[in-house]
Amino acid sequence: KHLIDLYESVNGTMSNNSDCPPVVLPEEVFFTISVIGVLENLIVLLAVIKNKNLQSPMYFFICSLAISDMLGSLYKILENILIIFRNMGYLEPRGSFESTADDVVDSLFILSLLGSICSLSAIAADRYITIFHALQYQRLVTPRRAAVVLMIIWACCTGSGITIVTFSHHVPAVIAFTALFPLMLVFILCLYGHMFLLARSHARRVSTLPRANMKGAITLTVLLGVFIFCWAPFVLHILLMTFCPADPYCACYLALFQVNAVLIMCNAVIDPFIYAFRSPELRDAFKKMIFCNRYP
């Protein structure tokens, strides 16, 4: 609600200061992509739950990322349902119920971003330990410890999401929200930098590591690249909307609001394909589920 209110006021300013008309996409596009994203990530969760050989810390973290993606898609589905009910007259515009529902929906959206950031960071840390502490990995990263880490992550993300929505009209809250994105990138890039330096100084040791460990690092790289590509335009949009909504150049970028939103929805659709393409075990689990265990 807060974002939409601000977006509507920006549209009024933009029409007076810029020749760039807002790009409007059909709601059916958002709804279709969101439904596909929810179904795909639900299949990922079911595949890990039903296959004991996939119930390892690495796949726990992947499930956490799948939940984040699913929340991002579910946010748009619920938003569309609220809009339909309001247009049909079942909800009082700007009423107390709609305001509360909007806050819940906004919390899901922010929780999706925070969960994705933390899940990718957890996957990066897991890959780092797998590659450079392979002998101690089974002792350091146990399923129980991974579950505790994920519980802490989601508890913090939930509290942060509620706080950000509550204080979303305040600039410090917007800065804190957008600062998480580059901080996550710095954390993961630091791990990558350290891995690169160790790889150069211990080339022989790294070359003897199981191929699956390096493959997992490559999977993380692909996931991270897709995440940055899909979410960075929206994070930039929030910053420009907060600090220079009246500037004509900023207004031209703000006109792409719905395009940036579609990119976020696409992230939830692309990630499961990355899992399936990079993981033969998960790919086989998908096939068995789709063909009702008739796949050999």
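Using the three backbone atoms N, Cα and C, a Cβ is placed for every residue, glycine included.
These come from TrEMBL:
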- 29-48: transmembrane segment (TRANSMEM)
- 40-275: domain 'G-protein coupled receptors family 1 profile' (DOMAIN)
- 60-85: transmembrane segment (TRANSMEM)
- 105-125: transmembrane segment (TRANSMEM)
- 146-167: transmembrane segment (TRANSMEM)
- 173-199: transmembrane segment (TRANSMEM)
- 220-243: transmembrane segment (TRANSMEM)
- 255-277: transmembrane segment (TRANSMEM)
Cβ-based contact of the transmembrane segment (173-199) with the transmembrane segment (29-48), 3 or more pairs under 8 Å: no
Same-chain residues at least 6 beyond the ends of the transmembrane segment (105-125) whose Cβ lies under 8 Å from its Cβ atoms: 1-3, 58, 61-62, 64-65, 67-69, 71-72, 74-75, 78-79, 82, 149-150, 153-154, 156-158, 160-162, 164-165, 168, 177, 180-181, 184, 187-188, 191-192, 220, 223-224, 227, 231, 267
Whether the transmembrane segment (255-277) meets the transmembrane segment (146-167): three or more C-beta pairs under 8 angstroms: no
